[in-house]
Amino acid sequence: MESTGGPYLNTAAVTAPVGIARLLQMAFGCATFSLVAHRGGFSAAYGTFCMFVWTFCFALTTFIITCEFTHLHSCLSISWGNFTAAFAMLATLMSVTAAVIYPLYFVQLGCYPIGCEVRDFRIAASVFAGLLFVAYAAEVFLTRAKPGQVTSYMATISGLLKIVQAFVACIIFGALVNDSDYGKYVATQWCVAVYSFCFVVTVVVVAISVTGKTALLWFPFERSVVVYTLGAVLLYVSAAVIWPVFCFDSKYGSPQRPGLCAKGRCPWDSQLVIAIFTYVNLLLYVVDLAYSQRIRFVSHL
């Protein structure tokens with residue numbers, strides 16, 4: 001009897017280098033959150049964030065492998081290439097963050113007071129968390145656009161940078177809500193408006209690319225992205241000048257960290273984090289602008 005199931009399964013989804021990387025992602029992700037849930041343990045917002053990262057990435061990776069193995073992704077009304085490229089970059093950033101946070105807050109060399117067994121489980125979970133990051137980074141490396149290759153936008157350097165820019169903006173927002181005192185001056189409020197505007201537009205660009213609706217727009221999407229990136233560079237330049245002046249100049253703020261400032265709840269610390277990542281995002285937008293003028297992409301891949 002002739003088999004009816006074979007032709008409908010895409011074995012390359014699990015045998016190709018990208019497929020193998022995704023299988024490793026599933027294995028490392030499952031091992032990481034299983035070790036933490038079984039004996040490693042987690043607590044507070046930091047631990048909850050790490051567990052969310054590992055379970056979220058595991059679930060979506062499983063979904064991607066299942067869809068590609070069964071060809072179900074062809075039934076989805078999204079740009080599959082853009083979706084998988086965007087997720088791989090986001091998962092890389094989230095997993096490296098969790099791989100740093102978990103051992104920093106939960107791993108210790110001694111057994112007291114948690115016990116040697118719990119310590120060993122936490123160390124093992126940290127090792128697998130690091131391997132998980134490597135697996136996602138490998139997928140980004142394997143699927144990135146090569147010179148002269150026609151590919152989906154999110155697989156290009158410019159598309160990948162959009163994910164990084166949005167992720168860095170989230171770090172800035174986290175510092176803003178942690179007693180940053182940004183409401184003291186109109187100038188610092190302007191900086192918050194810059195961060196918010198660029199974040200929203202960047203997310204919209206990613207969303208339009210992932211949904212594959214660029215061809216339905218009444219304006220040239222590719223050119224609009226370049227114009228927006230130029231505007232984002234100019235806006236971030238203004239924030240990169242204004243924020244340090246109104247936070248660290250002696251006329252408006254404090255050049256040095258106040259001695260009585262509580263650890264973990266100090267506005268000066270948050271302001272410093274925001275200043276650093278403002279320059280990081282400015283650099284990312286400048287690099288993005290340089291690459292976005294040379295790329296050509298299609299929306300349906």
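Glycine residues also receive a Cβ, built from the backbone N, Cα and C atoms like all the rest.
Nobody curates TrEMBL annotations by hand; they come from automatic prediction.
Annotated features in TrEMBL:
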type     : residues : note
DOMAIN   : 13-148   : domain 'MARVEL'
DOMAIN   : 153-297  : domain 'MARVEL'
TRANSMEM : 20-37    : transmembrane segment
TRANSMEM : 44-65    : transmembrane segment
TRANSMEM : 85-109   : transmembrane segment
TRANSMEM : 121-141  : transmembrane segment
TRANSMEM : 153-178  : transmembrane segment
TRANSMEM : 190-219  : transmembrane segment
TRANSMEM : 225-248  : transmembrane segment
TRANSMEM : 272-291  : transmembrane segment
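Residues 156-158, 161-162, 164-165, 168-169, 171-172, 175-176, 180, 191, 195, 198, 226, 229-230, 232-233, 236-237, 239-240, 243-244, 247-248, 257 of the same chain, all 6+ positions outside the transmembrane segment (272-291), place their C-beta atoms under 8 angstroms from a C-beta of that stretch.
The listed stretches are 20-37, 85-109, 121-141; of these, 85-109 has the most Cβ pairs under 8 Å to the transmembrane segment (153-178). Counted with DSSP, the domain 'MARVEL' (13-148) comes out as 113 helix, 0 strand, 23 coil. The listed stretches are 44-65, 85-109, 121-141, 190-219; of these, 121-141 has the most Cβ pairs under 8 Å to the transmembrane segment (20-37). Away from its own ends, the transmembrane segment (190-219) comes close to residues 77-79, 82-83, 86, 152-154, 159, 162-163, 165-166, 169-170, 172-173, 176, 182, 225, 228, 232, 235-236, 238-239, 242-243, 274, 278, 281, 285, 299-300 of its chain (Cβ-Cβ under 8 Å, at least six residues beyond either end).
Residues 25, 36, 40-42, 44, 46-47, 49-50, 53-54, 56-57, 60-61, 64, 119, 122-123, 125-126, 129-130, 132-133, 136-137, 139-140, 143-144, 152, 154-155, 159-160, 163-164, 167, 206, 209-210 of the same chain sit 6 or more residues outside the transmembrane segment (85-109) yet have a Cβ under 8 Å from a Cβ within it. Sequence-distant contacts of the transmembrane segment (44-65) (same chain, at least 6 residues past either end, Cβ-Cβ under 8 Å): 13-14, 19, 22-23, 25-26, 29-30, 32-33, 36-37, 73, 84, 87, 91, 94-95, 97-98, 101-102, 105-106, 129, 132, 136.
Note on the domain 'MARVEL' (153-297): mean pLDDT across this stretch is 91.
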